[in-house]
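My structure is below; once you've seen it, I'll send some questions.
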Amino acid sequence: MSNISVIGTGSYVPNNIITNDFLSTIVDTSDEWIRTRTGILERRISKGENTIYMATESAKEAIKNANIEANDLDLIIVATLTPDNFMPSTACSVQKEIGAINALCFDISAACSGFIYGLEIACSMLKNSFRNKALIIGAENLSKIVDWEDRNTCVLFGDGAGAAILSKTKEEGILEFHSRSNGLKGEHLTCGALEANNIFNKDDMLKNNKFIKMNGKEIFRFAVGAMSETIYSIQEKTKWDLSEVKYIISHQANSRIIEYTAKKLNTNKDKFYMNLDKYGNTSAASIPIALDEMNKKGLLNKQDKIILVGFGGGLTFGGVAILWSI
């Protein structure tokens, strides 16, 4: 059976920077309050860029980085909870924009774990078919589902997109996954969709649930446990000691979650790459944005051992062990 490796990365974030100080002018908060509780200093917010645009720009970068053509792609998966349309899918729209005429395309919704889920689905599809190359994108326009009057949530989120290209290779690359879901606790992180109204049914149930709602304490507890479980499982499957792992690239939600997880794992927090201070929580986009940033900075070398780990609404969580191949 063929191995699967990451051969290219890309990302896009809006130019519009929203600082903590600016947010303190629209809600009752402060830079000190946000910074000490989350580690976030600023975030990028769309001024017209939609999910399709951001996903497309990240895809173009990844294609260029992988030194391939768009028509080499056999599969496009977009992980998003903020699509522009119910149909066509974001993936089909990206296909149109980049000219990937040979690709099978679809979206998945797994919130902040979406990129990890997308990688696992893509690996399975590549290994068990004629397909050779896949484009996985995490893209979010979270600013449109944030309640800008809720100081507990509006300070957390940002917009952006990140992408990775996978390919069948001779050398080892993507090694092991650990992915789980816990719908029993889904009520702790929610966002409503359409009101359940038609001419036969008038229902006000969803009218007050069109924005992100979060039980911060429960999500914090869940996140630390989920990240720890995932990393322990990946260690067991790969037989890696954490001292061998160059970086852990986690979902960029909150610096305190990462710090508590590092303590639980008895490892230095510096092993966890963090860029949430600049971008905030970009949900499914956070891991691929971080991965692309590291790739561009030259922080990763061939055969480096890295672990990606995500957690989010659903509740969902998962991770993957990778031998870096670029």
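Each Cβ is built from the backbone N, Cα and C atoms, and glycine gets one as well.
Look at Swiss-Prot and you will find C112, H251, N281 tagged as active site. As annotated by Swiss-Prot, region 'ACP-binding' applies to 252-256.
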About how far apart, in whole Å, are the alpha carbons (Cα) of C112 (active site) and H251 (active site)?
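So the alpha carbons of C112 (active site) and H251 (active site) sit roughly 7 Å from each other.
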When you measure from the Cβ of N281 (active site), how many other Cβ atoms are you left with inside 10 Å?
24
For the region 'ACP-binding' (252-256), what's the mean pLDDT in this predicted model?
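When the pLDDT values over the region 'ACP-binding' (252-256) are averaged, the result is 97.
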Looking only at DSSP and grouping its letters into three states, which state does N281 (active site) belong to?
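DSSP assigns N281 (active site) to strand.
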Using C-alpha atoms only, work out the spacing between N281 (active site) and H251 (active site) and round it to an integer in Å.
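About 8 Å separate the Cα atoms of these two residues.
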Which one, from the active-site residues C112, H251, has the smallest tally of other C-beta atoms lying within 10 Å of its C-beta?
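Per-residue Cβ counts within 10 Å for the active-site residues C112, H251 bottom out at C112.
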On the DSSP side of things, how many residues of the region 'ACP-binding' (252-256) fall into helix, strand and coil, could you say?
2 helix, 0 strand, 3 coil
